[in-house]
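Visitor: The structure follows.
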Amino acid sequence: MASSPDVFDPVLTMWVFEETVDGRKLSEIINSDHENVKYLPGYKLPTNVVAVPDLKEAVTGADVLIFCVPHQFLGKMLPQIKEQGLVPDCIGVSLIKGIDFDDQGVVLVSSIIQTALDIDCSVLMGANVANEVAAGDFCESTLGCNDLRHGAFLQDLFHTNRFRVNVVLDPHGVELCGALKNVVALGAGFCDGLGYGGNTKAAIIRLGLIEMKKFCYRFFDGIKEDTFFESCGVADLITTCFGGRNRKCAELFVKYKGVTWEEMEATVLNGQKLQGTWTAKEVYRIIEKTHSLPEFPLFVAIYRIAFEGADASTLVDV
């Protein structure tokens, strides 16, 4: 923001779901201590980032809405935003990694946002582990957009010498990669929980990438091959399968039999939500409904290990 003061508003408003942490409201902690002690502890936020617990107040006057919440919460949030009203030409950017499913097939989060708010919504995905980004480590990200004008504008907002943003005209491909890699990461975590080595994990990553591509082409038209080689594709897949919450919790799921995903969200993740498990359920529902189970043996195995009690070792039977 300091490098482009003519582009940014002096204050960046951040909606925060109000919680109490050690007897203090989370929004008050962020605004006074400039640190999100619950979800990103140890990293200072700029002083002009202001936490607002009222959603309608947070979106008032915004030209750009950046969505970064578990997609399960959008159903309650979007009507409130719509009721508040948005400025003309407001656009959205989704960082949400998840998909949904209805009678018509696969539903993307960006499409849900676009339909609910009647705004154009791009997506930003990539190998962007939060604490590394906050620490200023160099990384890349992929901005998928429908409109190159919006893409160029958003690239100016996000791109820095430590956060490289590449724009592609394939929002569906970018978003699907961001969601599906979390399912593969569960498989990588199962490998770690079983004590398997790098060879096995590499095989799971390769098979996972194949099924990611197959899923994208099976359910969407116009997906670009090059998108899978962007940061949102193979790069994000690799980093998520070696780090990140989905891999970590999947490893613990195997090591400590009987622990539930919800228990790990509450304890290991301090209340954050796992997107991989939710997406694995949605993916399974979609491929089951379309009679496509034999085409996705890895996705099926991951689902059955996670939710049907299948032995984790069946992962390598695919």
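Including glycine, each Cβ sits where the backbone N, Cα and C put it.
Dumping what TrEMBL says about this protein:
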type: ACT_SITE; residues: Lys181; note: active site, proton acceptor
type: BINDING; residues: Phe17, Phe73, Ala130, Arg245, Lys273, Gln275; note: NAD(+) binding site
type: BINDING; residues: Lys97, Arg245, Asn246; note: substrate binding site
type: DOMAIN; residues: 13-148; note: domain 'Glycerol-3-phosphate dehydrogenase NAD-dependent N-terminal'
type: DOMAIN; residues: 170-316; note: domain 'Glycerol-3-phosphate dehydrogenase NAD-dependent C-terminal'
Visitor: In angstrom units, rounded to an integer, how far apart are the Cα atoms of Gln275 (NAD(+) binding site) and Lys97 (substrate binding site)?
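Guide: That comes out at 7 Å between the alpha carbons.
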Visitor: Per DSSP, how many helix, strand and coil residues does the domain 'Glycerol-3-phosphate dehydrogenase NAD-dependent C-terminal' (170-316) have?
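Guide: The breakdown for the domain 'Glycerol-3-phosphate dehydrogenase NAD-dependent C-terminal' (170-316) reads 115 helix, 0 strand, 32 coil.
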Visitor: Among Lys97, Lys181, Arg245, Lys273, the recorded positions in question, whose Cβ has the most other Cβ atoms within 10 Å in this structure?
Guide: Lys181
Visitor: Among Lys97, Lys181, Asn246, these being the recorded positions, pick the one whose CA is nearest to that of Phe73 (NAD(+) binding site).
Guide: Lys97
Visitor: Which whole-number value in Å describes the distance between the Cα atoms of Ala130 (NAD(+) binding site) and the residue listed as 'active site, proton acceptor'?
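Guide: Per the Cα atoms, Ala130 (NAD(+) binding site) and the residue listed as 'active site, proton acceptor' stand 16 Å apart.
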Visitor: For the binding-site residues listed here (Asn246, Gln275), tell me which residue's CB has the most neighbouring CB atoms inside 10 Å.
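Guide: Answer returned by the neighbour count: Asn246.
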Visitor: Record lists Lys97, Arg245, Asn246 as binding substrate; longest Cα-Cα distance in Å?
Guide: 13
Visitor: In whole Å, note down how far the CA of Lys181 (active site, proton acceptor) lies from the CA of Lys273 (NAD(+) binding site).
Guide: 16
Visitor: Please list, in sequence order, the residues in the chain of Phe17 (NAD(+) binding site) that are at least six apart in sequence and whose C-beta is under 8 Å away from its C-beta.
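Guide: Within the chain, Phe17 (NAD(+) binding site) has Cβ neighbours under 8 Å at Leu26, Pro53, Val69.
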Visitor: Between Arg245 (NAD(+) binding site) and Lys181 (active site, proton acceptor), how far is it from one CA atom to the other, in Å?
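Guide: Spelling it out, the Cα of Arg245 (NAD(+) binding site) and the Cα of Lys181 (active site, proton acceptor) are 12 Å apart.
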Visitor: Ala130 (NAD(+) binding site) has how many other Cβ neighbours within 10 Å of its own Cβ?
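Guide: Its Cβ shell of radius 10 Å holds 13 other Cβ atoms.
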Visitor: Fill in the CA-CA distance, the residue listed as 'active site, proton acceptor' to Lys97 (substrate binding site), as an integer in Å.
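Guide: Their Cα atoms are separated by 9 Å.
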Visitor: For the domain 'Glycerol-3-phosphate dehydrogenase NAD-dependent N-terminal' (13-148), jot down how many residues DSSP puts in helix, in strand and in coil.
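Guide: Across the domain 'Glycerol-3-phosphate dehydrogenase NAD-dependent N-terminal' (13-148), the residues distribute as 42 helix, 40 strand, 54 coil.
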Visitor: What is the number of other Cβ atoms found within 10 Å of the Cβ of Phe73 (NAD(+) binding site)?
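Guide: I count 13 other Cβ atoms within 10 Å of it.
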